[in-house]
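Copied over from TrEMBL, here are the features:
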type: BINDING; residues: Arg18, Arg40, Asp183, Leu184, Asn185, Arg189, Thr190, Asn201, Val202; note: ATP binding site
Amino acid sequence: MRLNIPFNHPRRESLLIREKLVDGFRKGIVAPEGLIAHGRGECFDYILGEKTQEFALRAIEAAAAAILLANHPVISVNGNVAALVPEYIVKLAEESGALIEVNLFYRTREREEAIKQHLLSHGAREVLGVGEDASATIPELFSERRRVSPRGILIADVVLVPLEDGDRTEALKRLGKFVVTIDLNPLSRTARTADVTIIDNVVRAMPLLVEKVRELKGRDREVLKEIISRYNNNEILQEALRFISHRLVELASRELRIRV
Ligand code: ATP
Ligand code: MG
């Protein structure tokens, strides 16, 4: 930690998250493009009030049910996710029996290995998708972006892809996967293509998802199926956009100038 951020700083949480990403960048876990992608997310978080909203809680419940019902759930991890929430990736894998797979947009041998070691140091039992293990390919995607593990994403029925790129989310859907994402932007292609979109910051959503999986774990499969059949992702996307527009309209009717 290089920065000394005062406890009452209004952007304290946000600055601490940035520090984690910059540390991850220095350790070779986060790609430079990942730092920029985070900025796009931050902008939406600012507008969402930097809090988990009701539409995110409903999506988290559906996500937990889908992961628990899956025969072969996989958590896809990129540099940003590994840097921000390594402990919750490991906890989610443990609680749900999901496998962890490194899945990078900008794949390099060094970075995939750095991410694997980072996750192992946080208690992961196994990390797929690294080196020789990423030997299968997803059709239609180009170059390194299409490599996956034949024991992981290739045969998964439910895939959690936090902060994923739209092309790859679409490719996963075409392969018939049930896709769950965490994405702050309700307008991204990933958000609009996934089956369940948790519109929230990954740092808030992952702990809540782990908690929800723990809570629903003992429930009857019928109860879990009922949660999924009641769930409508289009409604969630619409609610998020309505929330954003109402919040901006409400803010626009207030005195905004800060007097010091
Ligand atoms: P798409 O390819 O799905 O249309 P995009 O091209 O707009 O999305 P990408 O850079 O491909 O964006 O994907 C990164 C996504 O991750 C963005 O939608 C961004 O809002 C989101 N994001 C970034 N940081 C976070 C975070 N901490 N928590 C949740 N979402 C985040
Ligand atoms: Mg994209």
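Note: Cβ is positioned from N, Cα and C throughout, glycine not excepted.
Annotated features, which come from TrEMBL, shown on the structure.
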residue: Arg18; record: ATP binding site; DSSP class: helix
residue: Asp183; record: ATP binding site; DSSP class: coil
residue: Thr190; record: ATP binding site; DSSP class: helix
residue: Val202; record: ATP binding site; DSSP class: helix
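Look at the binding-site residues Arg18, Asp183, Asn185, Thr190, Val202 and count other Cβ atoms within 10 Å of each Cβ; Arg18 has the fewest. Largest CA to CA distance in the ATP binding set (Arg18, Arg40, Asp183, Leu184, Asn185, Arg189, Thr190, Asn201, Val202): 24 Å, whole number.
Close to ligand 1, meaning a Cβ under 6 Å from one of its atoms, are these of the binding-site residues Arg18, Asp183, Thr190, Val202: Asp183, Thr190, Val202.
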